[in-house]
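Student: The structure under discussion is supplied below as structure tokens; questions concerning it will follow.
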Amino acid sequence: MAEMLLGLSANRRIIAGLLVNLLSSICIVFINKWIYVHYGFPNMTLTLVHFIITYLGLYTCQKMDIFAPKSLPIRKIVWLALSFCGFVAFTNLSLQSNSIGTYQLAKAMTTPVIILIQTTYYKKTFSTKIKLTLVPITLGVILNSYYDVRFNLQGTVFATLGVLVTSLYQVWVGAKQHELQVNSMQLLYYQAPLSSGFLLCVVPLFEPVTGEGGIFGPWSTAALVTVLFSGVVAFLVNLSIYWIIGNTSAVTYNMFGHFKFCITLVGGYVLFHDPLSLNQALGILCTLAGILSYTHIKLMEQEEETSDV
């Protein structure tokens, strides 16, 4: 009886963690888009607010013994912190400049780019089946972008840079976690304040600090509350990712990610009335088929590797 109650309690915690991640991951996209569309809040400043709130949240977590910080040499994570700035800033700029559908599908290109980086620079090999799944992913993204009536050069540049920097960041995170023997929260605990410092130096060069459109400008209370709320949601996204992977597996998180992918796409068309043509819908389905195939084949290969050990 006691074991049954413990199992039920554990399942409830996992379900709760998945729900928090689902809601926060979807909300952060819609809240940020709302901030850009309705308030015109500057992008890099919003990213800086997210970093600061993330660090404060992590500081609170370590004081509550949720994780134990590990001393790390700053010089070893400087480039990681810079790429962290770049991937968040560029993906937010992509969201600001593109429709949610195009923004979401562009993010799917991260997988092919990561495979390209690992193959080229880390001499990692991938099966032919895995490589073939990249074809529908790439084709679907191109098809959606080509028929997107809101397609624009600026949005494409930001989306491309976002994918490149995000891919580098994800590859480096894996390498640094292995090299420094730390988990994602311990790494983020050092990254967040370092990235905040970098952005603090750069923001005044690209965005106004005071006056109209500046962080200390005449913002309405509603705008400021929404910005702070988006920072809290961003922190919940990071925290829930760590919790889910730690209590289930990276595979569970990725499978759950497909569900969020679909809901975010639908939400973008419903809430922001993004136009959707038949060809775009085919592109979305093509990309989703590629993502699902990639996950299925990756799972099969991991099971084969485990059984061979």
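Here, residue 1 is simply the first one shown, and the rest follow in order.
Cβ coordinates come from backbone N, Cα and C, glycine included.
Relevant sequence annotations retrieved from TrEMBL are reproduced here:
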type     : residues : note
TRANSMEM : 12-31    : transmembrane segment
DOMAIN   : 23-294   : domain 'Sugar phosphate transporter'
TRANSMEM : 37-56    : transmembrane segment
TRANSMEM : 77-95    : transmembrane segment
TRANSMEM : 153-175  : transmembrane segment
TRANSMEM : 187-206  : transmembrane segment
TRANSMEM : 218-244  : transmembrane segment
TRANSMEM : 251-272  : transmembrane segment
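For each feature listed, report its degree of burial, its nearest neighbours and the pertinent distances within the displayed model.
Tutor: Residues 85, 88-89, 92-93, 96, 188-189, 192-193, 195-196, 199-200, 202-203, 206-208, 213-215, 219-220, 223, 226-228, 230-232, 234-235, 238, 272 of the same chain sit 6 or more residues outside the transmembrane segment (37-56) yet have a Cβ under 8 Å from a Cβ within it.
For the transmembrane segment (153-175), the residues of the chain that approach it from at least six positions outside its boundaries are 79-80, 83-84, 86-87, 90-91, 93-94, 96-98, 102-103, 106-107, 109-110, 113-114, 117-118, 122, 145, 184, 187, judged by C-beta separation under 8 angstroms.
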